[in-house]
Structures are given as structure tokens and as C-alpha cells.
Amino acid sequence: MVAGYANREDMKAAKELYDVMNDKNEVTWVAMIAGYGKLGTVSEARRAFDEAPAPQGASAYAAMLACYAQNGYATVAIDMYRKMKEAKIKITEVTMVAAISACAQLRDIRMSKILSLTILRSVAVDTYCFQCIDPYALKMWKCKLSFERIQYNERYRDIHTYSAMIAALAEHGKSQDAIVVFLKMQKEGLKPNEVTFIGLLNACASSGHIGEACRFFQIMTGVGLILGPSLKIFEKDKMMLFPYGSQDTLTTIASLGYVLFVFENGVKMDFSMITRVGKPGWVIASLGLALPLSIGAACFPKLSTILSQGIEDKGHSAVVILMTQNVTSFAVIASILNDLQILNSELGRLTLSCGLVGDIISNILLSLKDAVSLALLLNCKGVVEASMYSSALDKNDIQTDIYTVIMTAIMITSSIVHLLVKRLYDPSRKYGGYQKRNIFGLKPKSRLRIQVCIHKQHHTIPMIKALDLFNPTQEDPIIVDVLHLIELVGRSSPIFISHRINKSFPSRIQNSYSENIIHSFKLYEDDKQRATSINPYTAISPRSLMHEDVCYLALDKVASIIILPFHRKWSIDGKIEHEDKAIRSLNCKLMEKAPCSIGILVSRFVHQRDSPLRLAMIFLGGNDDREALCIANRAAKVSNVNLVVYHITINNMNELQDMDTLLDLALLKDANKKSSSLKNVIHKEIIVEGTGAQITSILCQMIDEHDFFIVGRRHGIHCPLTKGLQEWSEFSELGLIGDFLASTDLDCKSSVLVVQQQQFAQ
């Protein structure tokens, strides 16, 4: 009874019965632990575990470990797994699955390998257990474990295992591997099901393989997986799957799901967007609604005759189709844009705006590819239209034959839209650099424009301190665009706010979430007395699409450099206090797509104004180092900065000189000449033999001598000087030198600014 109540998640009744039991056993404790685990009440589950007499059995341990893993206590779960191993407690299937899930959450590659070897040696893990492996674990091991299971164990070669593998590979972008697994499944004579083909179509959609998708769709049609009410095939199978009386239950569930879908998207919908739609949006939407209706009305008699096919329906089918096909569903459009990850792109914003007004056929002020993409998106049909046609079928407004054709068309167009839009529209192509937007190429007497990105309040002070390195003065002022990035929650459409339309800050920001950040930069602007101009913005968008807002603003404002915060926060004693993987993902995307130079600020030291800043610039050569040297040259003019420029080179430098090396030497010579009259600047040349161990030793000696380092990322440069550091690199976005200086293995409390020069389009 306790287990029954727990399975129904009625833990109140289970607890009442549990409390009055005199003779409790392991089944009782496992049921209580599992029940509390489903509800997420980990503390209650632990209390039930502790009430079991020590030593607890393998089942109780497995249930508790699974509870920890399911509710995000990955570290505690792994600790319990280690204690089980030390106590020689039996490791069950449930234990292994929970440990794998916890290991995937922690991204612990070493432990993952140990667990994978344990599973491969074991014969006790069944197909169900295998399918429960966390998708992130599959991604971490690149599905190696699953491939080996399928290859070497015949009893795992069933349709469920193959379908699970194909779906997991498709989810993580391994489209070619998914197709290979499908072909292997076909060779073994296994018949694919709906799950198999959904996984395959997802794989083809993510990789843009239109031909393969069409081929798989034909196979789907051939095996009879696309069924409609008028297709008189597989009648016995349909009756077995959907017996008499089941339709009402399925319809009720489907209706509930539809209501929840529309409700969720309706709550997220921002109707104030209509007032912000520009003239192109209104014209496009109006034409998209009026033109098809006009053509349909002109063809109505002929269309009605064709659709009725001798049935006396008084043109109901033609009216329903004409009206439904010309209705644009904002919920469907928003979902598709979110799936394609172009929600806050230029095309995405225009599509959402037009979607609130009407459908579209033509295009205005767009390129051909963008126009086709916009038309496809606004003509895409989905769950809303399917529900409308189902309702029309129930009311006998359309015939079953017409309904089947329309539903098949909706499914085909929905699949094709994803593939075609991915192929036609690339939101990052406009960021490809053809014009110089970097500090190295900045023209004399041109104002430097910097864009800084803020996620949390603690990013503000380090960013302001970093701006001082650019030496803003009244004679050489800088413009700073401050972009506060906030995750989009509870809305369908992203928001971009400019807080400084006029010279003075508007009063409406006083109660905004960005108030403290804007106020801090406003004080900095006032303190600099016309040497710095601050323009604050707020972007509210999904985490996966924030890079679009950053790139769009940098492109629009012609920024020379974007400065981003590092994803780790250190405490005063040098330990990691906080780590945000979403920020790191954003930084990596921006390193690839930014339309200008970019820098990542690793902040571990806050400079006090009453003491000089001990600044170091490490120069090895290349575009990124030249950009970093330009920043160091500006910092050299700051009165309370003591700068040391380290030029690290190898013995046979004269034999290896090329055009890039000559440019490096010329820039260093010019910088040395300009700073010769400055007492706070020192240039040092360090000659090494070209081994990684030697440069590691040199960097370790510099750590205690400086408070702040400026280095180039040196992306894509293969150099014997840093060859030994490649094996230890943890964060590729920092480059080898920056990653070494930011490593937790060093007792380093210095801040680091890693610079990458603008990458020009090929």
C-alpha cells in the first residue's frame, strides 16, 4: 500500500500509513525514498533513508542516489556512489543509471570513462536501463557506449534501442551517425517505427540534408506510417491501435494539450508590439492578408465545385479552407522561430511583427532569399491550424478526404519550412567583416567606440575599471555602449530597450531591472567630465540567441571592440565562487561571429585608485597580439599605470621572418619609440629556445609581479613557443596564454584581458 500511494505521488497518504507501520522493511523505505524523489523533496527522502537500519541495502542506496541525480544534486550523488564502492555494496542497474546521469550533469569525463567501462563489462543492464541513460551523457561520450552495446550485444538490437540511439544522435547534431545507425538497423531486418523516422527527420533538419529528408519521408509513406481517416489501409492495425471508444479519450487529451499550448503562447504574446511595427511590417501584413483573400474569392465558385465533388455541402469546405489557410498563427510562428534559433534576428523580429497583423505572400525591401524565408515562415501551419481543421471536420464543414489531404500538406510544409529556412537564411552573415572595425585599424583622431556586456551586478565594477585602460580624455574621448543582457522568461518575443534616447536619462528606468547598472555607468560618465559618453541598453532574449543582440548592436553602432565578462567569478581568497556555463557558451559564439574585435575580461583583482596598477602585456606575434598591444599603448598614457611589454621570441627569429613577423617588429619598434619618454613604460625582450616548459616557467615568474595582464588570443596560430600548453588548455576562448594565466591550478590573483582582433569574412 505504501508503494502504491508513492507511485501515485500521494506521499501524504503514504506517510500516514508508513508512520503507523510496526514492521518496516527495505521495500517500504525504497518506496518512500522514490516517492519523495519524484516530488523533489530530497530532504524527506534522505530522512527516510536515514531511518533504515544501517547498513542500508543496495536497493535503498540506489533509490537515494537516483533521488539525488534526478533533482540536481549531482555532486552528492557521485559521493554516495563512491561510498557504495568503498563499502562494497552491490551496484545495481538503477545505481549505474543514476551515477551516469549525475556524471553527465557535472561533465566529469574521467568518471564517465570509468562508468562506461563498468557498463561494458556488465551483462546485467537491460534495454530499458540502457534507454534511460541521460542524453547529456550520450553527448559527452559521443554515444561510444551505445554504439559498442549495439555492435557487440545481440540482445540489445531491437527497434527500441535503435530508435533511442537515432533520437539521441539527432538531438545532439550527429546527423550522419544517426543515418548510419538507421542503415545498420535496416540491414538487420528491423522495421522502423514513428519514433525512428521522427529522429531521422530531426537529424536531417538540423544538418540541412533536404534530399535525405525527402527520401526518408517517402519510406515513411511506403510503410504506412502516415494515416488519415480516409486512407482505407491497415484497417485491422488501426483498430488494434485505436479500438472503439479510444477516440474520445485521445481527443480529450489532444484538446487539453492544444488549450495549454495556446494559453502558454498567449500569455507570452506582447500585443504592444503592434504599436511598434514599422511601415514595412504593416504593408507586408496587409498585402499578405488581402491578396490571397481576393484571389480566393475570385476563384471561389470553381474551388467550391472541385472540393464538393458532387456532395451538397453548400461551399462549406471552400470557405473553411480559404479562411484557415489565410490566418497566420502567432503561436506557431513564434515556436518555429524559436526552434530555428532566429527569434531575435532581423528576419525573426520582422516575422513576429507581421505575424500579429496577418499572413504574407509578397515581400518588400528584402533580398530574394530573405523574402522567400519570410514568406515560408508566415505561411507555415501547425497545431493551431490542425485543431481548426479537426473542429471543422467534427462539425461536418469539410469532408474526410479533404481533411486527410490538408493534414498531410500541413505536415509536409512544416518539415520543408525548417529545412529551407535553415538553408536560405543565415542570421550571422551580415556580421561578416569587410570593413575594418578594430583598434589597430582605427583612423587618427577617430573616436573609439567600445561595447561592454553586463549579465550580473558584480560585472559592473570590473568593466568600469577596464575602461580606464583605454585612457579616455577630453582631447581623445570614447563612446561606451553598455548592453545589459537578461534571459527571456514568460514572453514569446524578445525586447531591446534603449535607455538613452535623449541626452538625459528618462525617468522610466528608475524602477527597471537595469537601474543599478545604468546608475553606476552614469556616475562613471559624470566622473570623466565629457571624456566618456555612456549609452545604456537592455536586451531581453533567450540565452541561446543573446549573441544576436550583441552583434546587432555592435554592427549598428560601429563598435571597435566588444568586452565580455568571463563566466567564472572568484572570491577574495582566490576560490571559484560562481560559474555560469551559459555565459561561456555566449562568449564562444561571439568569438566566432562578432563583427569587430572582442575581448574577454577575467576579473580577479580590483585596482585601488591610491596605488599604481602593475600592468603587463605579453607579445608573441600575430593579429590578436597586435590588437592587444594597441590597448596597452593607450593604457601607457594613464598616469597611475606601470606598464611592462614582454616580447617573447625564439633564438632563430631572423631565419623565420615573414611579412607577418615584420609587421610585428615594426609595431613593437613604433610602440617603443613613442613610449621612450614615458617613465612608467618598460619594454623587455625575452629569448627562449622554443619549448613549452620554458615559457611556462617565464609566465609563472610574472604572476606575482603584475596585477593585470593583456594578452592576445592568438587563435589558429601554431607556434613552438606555446606547443606545450595545448595539452593543458581548458577554455579555448581564452587562447593558450590567457587560459594558463586564468587557470585555477596557479595561485594567481591577477586579472586578464584576452583580445581577439576582428575576423574578416573569407
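Just so it is clear, glycine is given a Cβ too, placed from its N, Cα and C backbone atoms.
What TrEMBL says about a protein is an automatic prediction, not a curated fact.
The domain 'Cation/H+ exchanger transmembrane' annotation in TrEMBL covers 223-367. What TrEMBL records for 479-605 is domain 'Cation/H(+) antiporter central'. What TrEMBL lists as domain 'Cation/H(+) antiporter C-terminal' is 615-758. Positions annotated as repeat 'PPR' by TrEMBL: 57-91, 158-192, 193-227.
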Study note, to complete from the structure: On the domain 'Cation/H(+) antiporter C-terminal' (615-758), the mean of the pLDDT values is 87
Review point. In the domain 'Cation/H(+) antiporter C-terminal' (615-758), how many residues does DSSP put in helix, strand and coil?
Key: 61 helix, 34 strand, 49 coil
Point to revise | Counts by DSSP class (helix H/G/I, strand E/B, coil) across the domain 'Cation/H(+) antiporter central' (479-605) | key: 46 helix, 41 strand, 40 coil
**Study point:** Residues of the repeat 'PPR' (57-91) by DSSP state, where helix covers H, G and I
**Key:** 26 helix, 0 strand, 9 coil
